[in-house]
Amino acid sequence: MGVFIGGLPEDFTLLREDSGDARLVRRSFSGCLRDVSFKMTDSVSEEWISLDWAKAIKKEAVYENWEGCPIQTVDGAHFLGHGYLELGRDVFSGGKDFDISMDFRTDQLNALLLFTYNTQTEDYMLVELEAGLLSFILASEGHVTELSMWAGLSYCDGDWKQLSLAKRGPLISAAVNDWAEETRGVGGAVTLRVDSPLYLGGVPMELAHPALDSQSHKHGLGGCIRGLTIRNDETNPASQSVNLFVASRRSVRVYLDGCPTTESRYNCRGNDSVLVYSGRRTQVTDSSLQPFTEYLYRFVALAAGGWASGPWQRGRSRGRVPRHVPPPTSVQSLNGFSARVSWVPPTGDIRGLIDRYELKAYNSDQPEAPPIKAVYLANGNFTGVLLGLTPSTRYIVTVSACSPVGCTESRRHDSGDDNDLRSSLTTPEEVPDAVSPPAAVSSPSALYVTWEPPARPNGGITEYLLYRNNQMVYRGKDRQHNITGLGVYSTHVLLLSACTSVGCTNSSQVTVVTSQLPPGPLQAPNLTLLDSRTLLVEWSRPSQVNGALEFYSIFLSRDGARPVLVYNSSELFEDHTLRNLTPGTTYSITVA
């Protein structure tokens with residue numbers, strides 16, 4: 001068993017029994033739902049999962065996600081034709097004297113407007129429009145009173161008309177705008193008693209009643225009804241304005257969230273719909289639709305032996321993007337990296353669902369750069385924050401209203417008018433970002449230091465600060481400095497600080513070393529004759545190393561000949577034994 005949302009199937013068997021004041025509501029929900037979540041674990045760390053509407057395995061009279069929900073409900077109901085609206089039994093129960101009034105709009109010549117009856121007796125009330133006539137029939141206490149009034153053909157021009165019905169004792173009257181008539185019943189001041197639901201705009205196809213079979217063509221209304229008001233002296237209060245959304249118990253092909261603002265393209269058309277295609281193909285594209293409008297379609301198959309029709313199926317055309325979107329109403333910098341943007345929704349003839357708004361900030365100094373963007377769902381909030389801006393930069397900010405088929409962006413011309421001033425901003429300066437450490441060219445007693453501007457200066461650089469071993473050695477706007485008077489092969493820690501009017505940012509530290517010089521004076525080695533063929537050579541570390549000692553070398557010269565390398569070691573020992581010398585030979589020994 002799955003989870004039902006918004007209602008239960010008609011054949012669903014309820015095992016629960018009502019007890020006390022608790023009653024299980026069988027009426028289906030009529031409206032919109034969003035942000036539905038299920039709690040999967042009941043613990044300290046609760047786990048919630050959002051409902052994915054696309055995973056529904058069955059839907060009955062439910063609109064698709066892309067069709068959206070209305071921004072606000074309007075008193076009225078849009079009848080798509082071949083349907084009806086069923087109101088609760090307590091809305092109207094008849095009476096000796098009563099008044100019913102409402103506004104309606106239709107482009108159809110024939111339509112059933114009202115029907116209600118008594119389930120135990122033959123009482124009923126039926127109101128229809130047919131071929132220019134308004135038919136108002138009351139059956140009560142065995143007497144039938146019928147008022148057939150010529151209403152002209154203006155009632156089906158698609159404009160709003162006011163319908164008024166009244167019963168005063170034996171008199172019944174009806175009026176459509178300025179057309180009005182009344183008639184007297186033959187049974188005197190009878191009382192109408194009804195206990196069925198009040199049907200507006202049509203009746204269920206399965207409803208069987210003698211009045212419908214003999215008096216009505218059951219043409220469902222194609223149009224709108226609003227402002228239903230019922231006055232009855234037997235009720236308290238005597239007059240009530242009926243909220244169709246609240247009073248409805250069931251609806252078929254009725255849109256309860258208001259009537260469309262556009263006028264119909266037709267005038268007093270019949271109820272047999274508009275022919276879209278005639279031919280042998282099994283599919284066709286209807287290109288004559290209005291954007292984001294609901295339509296009913298059915299196929300009719302014709303053959304030599306007759307014809308047959310399929311059931312009506314609803315469908316909605318896709319919306320179109322808004323034609324005009326006003327620029328942001330205000331743009332306010334929060335800091336150098338973000339700004340708060342406010343806007344108003346587009347107005348006028350909006351044909352479709354606006355599901356999101358996109359904010360974009362265009363860099364005026366770098367027009368080729370992609371804009372900074374933020375997306376906000378269309379949930380009634382018209383303020384957002386743009387993040388990722390660059391400090392000390394001029395931006396033009398736009399807002400786009402988006403539907404599932406695309407977006408329309410407010411204009412971003414930099415012409416200097418009031419709208420441009422409201423939608424433009426210059427972000428304030430911030431401390432620099434991404435300050436690179438300095439580079440240095442070494443000499444034995446100096447460092448020639450250079451540096452690059454910060455990758456993200458975030459404003460105008462006012463000065464650079466150069467530190468050596470935590471001591472400031474330079475302050476200014478140049479990007480090079482020569483540090484002199486340093487020791488040979490000495491270690492130094494350099495750090496650069498770049499500053500704007502807001503503050504400074506340090507680079508990472510870098511360690512540099514001055515260059516080396518040859519070692520200082522090296523004293524002559526000490527020679528110790530061990531035997532006629534062996535000589536011990538000893539020496540001392542130089543007094544000035546001037547760098548990093550790498551190795552010692554011993555050169556041997558025999559009888560004034562060219563010196564020959566006889567020893568080379570990086571182990572930095574300070575003695576070495578020369579072996580296999582020739583007895584009685586004069587040697588010159590040099591240590592390097």
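Cβ from N, Cα, C; glycine included.
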From 305-338, 407-440, which range did TrEMBL mark with region 'Disordered'? 407-440
Could you tell me the mean pLDDT over the domain 'Fibronectin type-III' (518-592), as a whole number? 83
With DSSP, how much of the domain 'Fibronectin type-III' (325-430) is helix, how much strand and how much coil, in residues? 5 helix, 47 strand, 54 coil
